[in-house]
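This report refers to the structure that appears directly beneath it.
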(Lines of atoms letter the chains of each structure in order from A and count residues from 1; the text may use other names and numbers.)
(Lines give C-alpha, C1' and ligand atoms only; values in the text may rest on other atoms or scores of the structure.)
Protein backbone atom coordinates (compact mmCIF):
# COMPACT_ATOMS: atom_id res chain seq x y z
CA UNK A 1 0.00 0.00 0.00
CA UNK A 2 1.37 3.39 -0.99
CA UNK A 3 1.70 6.28 1.43
CA UNK A 4 -0.92 8.22 -0.55
CA UNK A 5 -3.42 5.36 -0.36
CA UNK A 6 -2.83 4.96 3.38
CA UNK A 7 -3.34 8.70 3.81
CA UNK A 8 -6.60 8.49 1.85
CA UNK A 9 -7.87 5.67 4.09
CA UNK A 10 -6.84 7.67 7.15
CA UNK A 11 -8.82 10.66 5.94
CA UNK A 12 -11.79 8.50 4.95
CA UNK A 13 -11.94 7.27 8.56
CA UNK A 14 -11.64 10.93 9.74
CA UNK A 15 -8.68 10.02 11.89
CA UNK A 16 -7.32 13.46 11.07
CA UNK A 17 -10.48 15.03 12.51
CA UNK A 18 -11.21 13.45 15.91
CA UNK A 19 -14.20 15.64 16.87
CA UNK A 20 -16.72 12.92 16.00
CA UNK A 21 -14.80 10.34 18.01
CA UNK A 22 -14.76 12.65 21.02
CA UNK A 23 -18.48 13.42 20.74
CA UNK A 24 -19.15 9.68 20.75
CA UNK A 25 -16.63 8.98 23.52
CA UNK A 26 -17.87 11.44 26.16
CA UNK A 27 -21.41 10.01 26.59
CA UNK A 28 -19.92 6.51 26.57
CA UNK A 29 -17.77 7.57 29.51
CA UNK A 30 -20.82 9.11 31.20
CA UNK A 31 -22.53 5.73 31.07
CA UNK A 32 -19.49 3.82 32.33
CA UNK A 33 -18.94 6.24 35.23
CA UNK A 34 -22.59 6.21 36.33
CA UNK A 35 -22.98 2.44 35.94
CA UNK A 36 -19.81 1.86 37.97
CA UNK A 37 -20.64 4.70 40.36
CA UNK A 38 -17.07 5.84 39.96
CA UNK A 39 -14.18 4.16 38.20
CA UNK A 40 -15.26 1.61 35.56
CA UNK A 41 -13.62 -1.76 35.02
CA UNK A 42 -10.40 -1.20 33.09
CA UNK A 43 -11.06 -3.97 30.58
CA UNK A 44 -14.52 -2.58 29.82
CA UNK A 45 -13.12 0.95 29.58
CA UNK A 46 -10.40 -0.13 27.13
CA UNK A 47 -12.84 -2.09 24.97
CA UNK A 48 -15.22 0.84 24.69
CA UNK A 49 -12.56 3.45 24.00
CA UNK A 50 -11.20 1.29 21.17
CA UNK A 51 -14.72 0.45 20.06
CA UNK A 52 -15.65 4.13 19.85
CA UNK A 53 -12.65 4.81 17.61
CA UNK A 54 -13.42 1.85 15.35
CA UNK A 55 -17.17 2.40 15.08
CA UNK A 56 -16.87 6.12 14.52
CA UNK A 57 -14.38 5.36 11.75
CA UNK A 58 -16.75 2.78 10.29
CA UNK A 59 -19.58 5.31 10.45
CA UNK A 60 -17.52 7.88 8.56
CA UNK A 61 -16.64 5.36 5.87
CA UNK A 62 -20.24 4.27 5.27
CA UNK A 63 -21.38 7.90 5.44
CA UNK A 64 -18.97 8.89 2.68
CA UNK A 65 -19.96 5.81 0.68
CA UNK A 66 -23.61 6.84 0.91
CA UNK A 67 -22.77 10.45 -0.03
CA UNK A 68 -20.16 9.69 -2.69
CA UNK A 69 -22.35 11.03 -5.53
CA UNK A 70 -23.32 14.26 -3.78
CA UNK A 71 -20.13 15.18 -1.91
CA UNK A 72 -18.57 16.39 -5.14
CA UNK A 73 -21.25 19.08 -5.34
CA UNK A 74 -20.63 20.43 -1.82
CA UNK A 75 -17.73 22.81 -1.37
CA UNK A 76 -16.75 21.45 2.05
CA UNK A 77 -16.64 17.81 0.92
CA UNK A 78 -15.34 17.95 -2.66
CA UNK A 79 -11.85 16.79 -1.71
CA UNK A 80 -12.88 13.80 0.40
CA UNK A 81 -11.24 10.51 -0.67
CA UNK A 82 -14.29 9.06 -2.47
CA UNK A 83 -15.48 12.04 -4.57
CA UNK A 84 -11.86 12.89 -5.40
CA UNK A 85 -11.24 9.33 -6.63
CA UNK A 86 -8.44 8.50 -4.20
CA UNK A 87 -10.50 5.62 -2.76
CA UNK A 88 -12.94 3.49 -4.76
CA UNK A 89 -16.44 2.53 -3.60
CA UNK A 90 -15.35 -1.13 -3.36
CA UNK A 91 -12.37 -0.22 -1.18
CA UNK A 92 -14.64 1.81 1.08
CA UNK A 93 -17.05 -1.10 1.56
CA UNK A 94 -14.17 -3.46 2.40
CA UNK A 95 -12.78 -0.96 4.91
CA UNK A 96 -16.22 -0.56 6.51
CA UNK A 97 -16.55 -4.33 6.89
CA UNK A 98 -13.07 -4.64 8.40
CA UNK A 99 -13.78 -1.90 10.93
CA UNK A 100 -17.18 -3.36 11.77
CA UNK A 101 -15.78 -6.87 12.24
CA UNK A 102 -12.96 -5.53 14.42
CA UNK A 103 -15.50 -3.73 16.60
CA UNK A 104 -17.63 -6.86 16.91
CA UNK A 105 -14.60 -8.92 17.95
CA UNK A 106 -14.05 -6.46 20.78
CA UNK A 107 -17.70 -6.74 21.83
CA UNK A 108 -17.38 -10.53 21.96
CA UNK A 109 -15.17 -10.10 25.04
CA UNK A 110 -18.15 -8.57 26.87
CA UNK A 111 -21.21 -10.22 28.48
CA UNK A 112 -24.13 -11.65 26.43
CA UNK A 113 -26.38 -8.63 27.06
CA UNK A 114 -23.80 -6.27 25.56
CA UNK A 115 -23.32 -8.56 22.57
CA UNK A 116 -27.07 -8.62 21.92
CA UNK A 117 -27.26 -4.82 22.06
CA UNK A 118 -24.39 -4.48 19.59
CA UNK A 119 -26.50 -5.75 16.69
CA UNK A 120 -28.86 -2.78 16.96
CA UNK A 121 -25.83 -0.49 17.12
CA UNK A 122 -24.50 -1.88 13.84
CA UNK A 123 -27.89 -1.39 12.16
CA UNK A 124 -28.11 2.23 13.37
CA UNK A 125 -24.57 2.98 12.19
CA UNK A 126 -25.39 1.56 8.76
CA UNK A 127 -28.77 3.19 8.13
CA UNK A 128 -28.03 6.69 9.46
CA UNK A 129 -26.06 7.93 6.40
CA UNK A 130 -28.94 7.07 4.07
CA UNK A 131 -31.64 8.87 6.11
CA UNK A 132 -30.87 12.33 4.70
CA UNK A 133 -32.31 11.14 1.38
CA UNK A 134 -35.68 10.17 2.85
CA UNK A 135 -36.37 12.36 5.89
CA UNK A 136 -35.63 15.82 7.25
CA UNK A 137 -34.69 14.13 10.54
CA UNK A 138 -31.34 12.44 9.87
CA UNK A 139 -30.08 14.21 13.01
CA UNK A 140 -32.58 12.18 15.02
CA UNK A 141 -31.11 8.97 13.64
CA UNK A 142 -27.61 10.22 14.44
CA UNK A 143 -28.84 10.92 17.96
CA UNK A 144 -29.98 7.31 18.25
CA UNK A 145 -26.76 5.95 16.73
CA UNK A 146 -24.47 8.13 18.87
CA UNK A 147 -26.46 7.27 22.00
CA UNK A 148 -26.51 3.51 21.51
CA UNK A 149 -23.09 3.18 23.13
CA UNK A 150 -24.76 4.26 26.40
CA UNK A 151 -26.89 1.13 26.97
CA UNK A 152 -24.06 -1.02 25.62
CA UNK A 153 -21.49 0.48 28.01
CA UNK A 154 -23.93 0.30 30.92
CA UNK A 155 -24.70 -3.35 30.18
CA UNK A 156 -21.00 -4.18 29.90
CA UNK A 157 -20.23 -2.54 33.24
CA UNK A 158 -23.29 -3.53 35.30
CA UNK A 159 -24.89 -6.38 33.28
CA UNK A 160 -28.30 -4.73 33.59
CA UNK A 161 -30.36 -1.98 31.97
CA UNK A 162 -32.31 0.01 34.57
CA UNK A 163 -34.74 2.64 33.32
CA UNK A 164 -32.29 5.47 34.04
CA UNK A 165 -30.12 4.17 31.19
CA UNK A 166 -32.77 5.31 28.74
CA UNK A 167 -33.01 8.66 30.49
CA UNK A 168 -29.29 9.22 29.89
CA UNK A 169 -29.83 7.92 26.35
CA UNK A 170 -32.49 10.61 25.81
CA UNK A 171 -30.24 13.34 27.23
CA UNK A 172 -27.51 12.49 24.77
CA UNK A 173 -29.92 12.12 21.84
CA UNK A 174 -31.30 15.62 22.43
CA UNK A 175 -27.82 17.09 22.71
CA UNK A 176 -26.73 15.27 19.54
CA UNK A 177 -29.69 16.61 17.55
CA UNK A 178 -28.79 20.13 18.73
CA UNK A 179 -25.12 20.01 17.76
CA UNK A 180 -25.66 18.13 14.51
CA UNK A 181 -28.21 20.75 13.49
CA UNK A 182 -25.46 23.32 14.02
CA UNK A 183 -23.28 21.18 11.76
CA UNK A 184 -26.06 20.94 9.16
CA UNK A 185 -26.38 24.74 9.14
CA UNK A 186 -22.90 24.85 7.58
CA UNK A 187 -24.07 22.97 4.47
CA UNK A 188 -27.69 24.11 4.37
CA UNK A 189 -27.47 26.12 1.13
CA UNK A 190 -25.65 23.32 -0.69
CA UNK A 191 -28.01 20.68 0.71
CA UNK A 192 -31.07 22.57 -0.55
CA UNK A 193 -29.60 22.73 -4.05
CA UNK A 194 -28.78 19.01 -4.26
CA UNK A 195 -31.90 17.78 -2.46
CA UNK A 196 -30.32 16.52 0.77
CA UNK A 197 -32.54 16.83 3.85
CA UNK A 198 -31.67 17.95 7.39
CA UNK A 199 -33.16 19.47 10.53
CA UNK A 200 -31.40 22.73 9.63
CA UNK A 201 -33.61 22.88 6.53
CA UNK A 202 -36.70 21.62 8.38
CA UNK A 203 -36.38 24.15 11.22
CA UNK A 204 -35.70 27.01 8.81
CA UNK A 205 -35.73 30.42 10.48
CA UNK A 206 -36.59 28.77 13.80
CA UNK A 207 -33.31 26.81 13.83
CA UNK A 208 -31.60 28.83 16.57
CA UNK A 209 -34.70 28.75 18.78
CA UNK A 210 -35.16 24.99 18.46
CA UNK A 211 -31.46 24.34 19.08
CA UNK A 212 -31.76 26.50 22.20
CA UNK A 213 -34.81 24.59 23.41
CA UNK A 214 -33.03 21.26 22.86
CA UNK A 215 -30.05 22.55 24.81
CA UNK A 216 -32.27 23.81 27.62
CA UNK A 217 -34.08 20.48 27.86
CA UNK A 218 -30.70 18.73 27.95
CA UNK A 219 -29.64 20.87 30.93
CA UNK A 220 -32.94 20.33 32.78
CA UNK A 221 -32.63 16.56 32.37
CA UNK A 222 -29.01 16.66 33.54
CA UNK A 223 -30.09 18.47 36.71
CA UNK A 224 -32.74 15.82 37.28
CA UNK A 225 -30.09 13.12 36.79
CA UNK A 226 -27.95 14.78 39.45
CA UNK A 227 -30.90 14.90 41.86
CA UNK A 228 -31.71 11.25 41.19
CA UNK A 229 -28.19 10.14 42.11
CA UNK A 230 -27.78 12.81 44.81
CA UNK A 231 -24.61 14.04 43.15
CA UNK A 232 -22.49 16.74 44.72
CA UNK A 233 -21.68 20.29 43.69
CA UNK A 234 -19.00 19.26 41.20
CA UNK A 235 -21.64 17.82 38.89
CA UNK A 236 -23.85 20.91 39.05
CA UNK A 237 -20.85 23.11 38.33
CA UNK A 238 -20.23 20.99 35.24
CA UNK A 239 -23.87 21.41 34.17
CA UNK A 240 -23.52 25.17 34.70
CA UNK A 241 -20.37 25.14 32.56
CA UNK A 242 -22.23 23.22 29.86
CA UNK A 243 -24.98 25.84 30.00
CA UNK A 244 -22.42 28.62 29.57
CA UNK A 245 -20.99 26.80 26.55
CA UNK A 246 -24.48 26.52 25.06
CA UNK A 247 -24.95 30.27 25.48
CA UNK A 248 -21.63 30.83 23.72
CA UNK A 249 -22.75 28.55 20.88
CA UNK A 250 -25.94 30.57 20.48
CA UNK A 251 -23.76 33.66 20.18
CA UNK A 252 -21.69 31.98 17.46
CA UNK A 253 -24.66 30.90 15.33
CA UNK A 254 -26.65 34.12 15.71
CA UNK A 255 -25.91 35.25 12.13
CA UNK A 256 -25.83 31.70 10.67
CA UNK A 257 -22.35 32.20 9.19
CA UNK A 258 -20.90 28.90 7.99
CA UNK A 259 -17.56 29.09 9.76
CA UNK A 260 -19.08 30.23 13.04
CA UNK A 261 -21.76 27.51 12.92
CA UNK A 262 -18.95 25.00 12.47
CA UNK A 263 -17.10 26.51 15.44
CA UNK A 264 -20.27 26.14 17.52
CA UNK A 265 -20.44 22.48 16.53
CA UNK A 266 -16.80 21.91 17.52
CA UNK A 267 -17.40 23.62 20.86
CA UNK A 268 -19.62 20.72 21.92
CA UNK A 269 -16.50 18.68 22.61
CA UNK A 270 -16.04 20.82 25.72
CA UNK A 271 -19.64 20.19 26.76
CA UNK A 272 -19.12 16.44 26.74
CA UNK A 273 -15.77 16.79 28.48
CA UNK A 274 -16.91 18.98 31.38
CA UNK A 275 -19.90 16.72 32.03
CA UNK A 276 -17.66 13.64 32.07
CA UNK A 277 -15.30 15.36 34.51
CA UNK A 278 -18.21 16.49 36.67
CA UNK A 279 -19.61 12.97 36.86
CA UNK A 280 -16.21 11.45 37.61
CA UNK A 281 -15.51 13.85 40.47
CA UNK A 282 -19.06 13.51 41.82
CA UNK A 283 -18.81 9.72 42.00
CA UNK A 284 -15.19 9.70 43.19
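Glycine residues also receive a Cβ, built from the backbone N, Cα and C atoms like all the rest.
The feature transmembrane segment is assigned by Swiss-Prot to 18-38, 42-62, 93-113, 136-156, 161-181, 209-229, 233-253, 264-284.
Of the ranges 18-38, 42-62, 93-113, 209-229, 233-253, the one with the most Cβ pairs under 8 Å to the transmembrane segment (136-156) is 18-38. Here the listed stretches are 209-229, 233-253, 264-284, and the one with the most C-beta pairs under 8 angstroms to the transmembrane segment (161-181) is 209-229.
A contact between the transmembrane segment (18-38) and the transmembrane segment (233-253) is absent, since fewer than 3 of their C-beta pairs, 6 or more residues apart, lie under 8 Å. Residues 182, 185, 207-208, 211-212, 215-216, 218-219, 222-223, 226, 260-261, 263-264, 267-268, 270-271, 274-275, 277-279, 281-282 of the same chain lie 6+ residues outside the transmembrane segment (233-253) yet bring a C-beta within less than 8 angstroms of a C-beta in it.
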